[in-house]
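Worksheet: the structure to be examined is printed underneath.
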Amino acid sequence: MSYLMLDLLSLDVSEAEAEMLRHPQVGGLILFSRNFSSREQLIALVQQIRQIRPEILIAVDHEGGRVQRFREGFTLIPAMGDILPAAKGDMVLAKRWACELGFLMAIELLACDIDLSFAPVLDLNGISQVIGKRSFSAKPDEVIALAQSFIEGMAEAGMGAVGKHFPGHGSVAADSHIAQPIDEREAEAIFNQDILPFKELIAKGKLSGIMPAHVIYPKVDPNPAGFSSYWLKQILRKELGFNGVIFSDDLGMKGAAFAGDYLGRAQAALDAGCDMILVCNDNPGVMSLLNGFVWPAAAPQHPASLLKPNAAQTAIALENASRWENAKQLAEQIQLAQQAKV
């Protein structure tokens, strides 16, 4: 079961939210900045959640740069797009730094019993302002090299990686949080450029999860990728051989309105091939699904529990205080290098 990931309104779990968390179709919880006031409060919140649903997958968007939900008491992770410039184009050095930043990002979350960061971004840095420096680079080969190192650092902390936003969000100007982006390029451009980081990292077995884009690529398929069985079943599963978890992006985003109300959006996402659907910032929307949606009788073929951390690896990583401290200093060094350029 457990097809739904939801969120919380505040710094602790209300009784109504506790009831939602107990629902058998709820398998995941995503945290936001509004759920955080301090590291101590966050740890207490996670403990409260675990008392209600010990096995639930707890996730956050904690990529670095401007997308980092927890700040006070956490290291500020540089934007991924700052790594290679800070290394002055030295790819060997940049890869080593990316690995250490992946480790740092993951271990600071795992130390608070948070399972997963939806990272890294595998989009190319093109015209999309909502992506921008969240991307490692405009060049596929640089994205592949740096993302692989970042993912390997995450794995050394015990955390799996979720690549986003398949097959690529970097070449559309519209922000799918507030609009319906349409990528008018020919299929050849997408398959020869944007999809390459996903293709290569899947082939190398580096991705445990993938999040598709709420973007329409009309020269390929009329549906947004997250609602497209062609993109998810034919391309991602069959042609690229991906066997991890497919998470929908937030079904509350404007880019998801294509599929109608929440019942329609959930059905379209699951029919297309998503294993877990996200509904954020909309409690009534969550309740409409829990009370009115006809969920699949069978459990997800690729359950989100596959993204639970490697506990033995995390235990080893938590003992490595010197690596953690050195990675913090590296993050600060890259931040200072970027500030000096501005």
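Don't overthink the numbers, they just go from 1 along the chain as shown.
Quick reminder: no glycine exception, Cβ is built from N, Cα and C everywhere.
From the candidate list Arg53, Arg69, the residue Swiss-Prot records in the substrate site shared with Asp61, Arg134, Lys164, His165 is Arg69. The two recorded residues, Arg69 (substrate binding site) and Asp249 (active site, nucleophile), show a Cα separation of 17 Å. Asp249 (active site, nucleophile) sits 8 Å from His165 (substrate binding site), taking the CA atoms of both as reference points. Counted over every protein chain shown, other Cβ atoms within 10 Å are most numerous around Asp249 among the recorded positions Asp61, Asp249. According to its DSSP assignment, Arg134 (substrate binding site) is helical.
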